[in-house]
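Right, I'll just put the structure down here and ask away after.
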Amino acid sequence: MERLLIVNADDFGLSKGQNYGIVEACRNGVVTSTTALVNGDAIDHAAQLCRDVPKLAVGMHFVLTLGKPLTAMPGLTREGLLGKWIWQMAEEETLPLDEISHELECQYQRFIDLFGREPTHLDSHHHVHMFPQIFPIVAMFAAERGVALRIDRQSVLNADDLPVALRSSQGFSSEFYGDAISEALFLQVLDASADRGEKSLEVMCHPAFIDNIIRQSAYCYPRLTELDVLTSASLKYAIAERGYRLGSFLDV
């Protein structure tokens, strides 16, 4: 049985090094898809780069934890910036959901303005769209627009609660991440998905060349290791050998 594999590189637009790494992993590796932070420092560079890489599917990486929002968000920002305090606010059930909904709409429109088309799908920086309070907002938004959505079905959600019109892969893995990146780890993710009987799988990744912005990230040098693994000829062969076809969210 042929299975669909979506290898999605998060953080398009974060920095030029990130952008170049994603494009390299698409042109010479197994990355098929990416998601863009429309408030990223290098988002204009990302939009320009992808014009020369038509096979790279581009979705939107909804941002509520980094940089400046596109709208006034007094209930979520501190000194005008987004940050990881959103986790505490979620636990305290004090998230400004109206502000978040409006910011989602504005980031979506900004994506269209930048890339000249709608995103292939939606996900989010640090998976904040999977918060129980935020997920219904993003899921309904995606369903109404016919846009696919990253869903981690294993961790949080009851599939019966999903909007009928919502498209997603059957499986999602964030396990190709950390200090132990290797081809073997990537293939373990695929084998585990196959054992669960999933017909489609998204694997998250973050391939990048190191620059000054990436150096400031808590997740820095493993991004370069990811790039090495994702561009190895042996990985592409092993994926095909396992019966996976590389594709994007346009295929789900």
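Keep in mind that glycine also has a Cβ here, set from the backbone N, Cα and C atoms.
The Mg(2+) binding site annotation in Swiss-Prot covers His61, His125.
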Does DSSP put His61 (Mg(2+) binding site) in a helix, in a strand, or in coil?
strand
Tell me which residues of the chain lie with their Cβ under 8 angstroms from that of His125 (Mg(2+) binding site), as long as they are six or more apart in sequence?
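When sequence neighbours closer than 6 are ignored, His125 (Mg(2+) binding site) has Asp10, Asp11, Leu37, His61, Phe62, Val63, Leu64, Thr65, Leu66 within Cβ distance under 8 Å.
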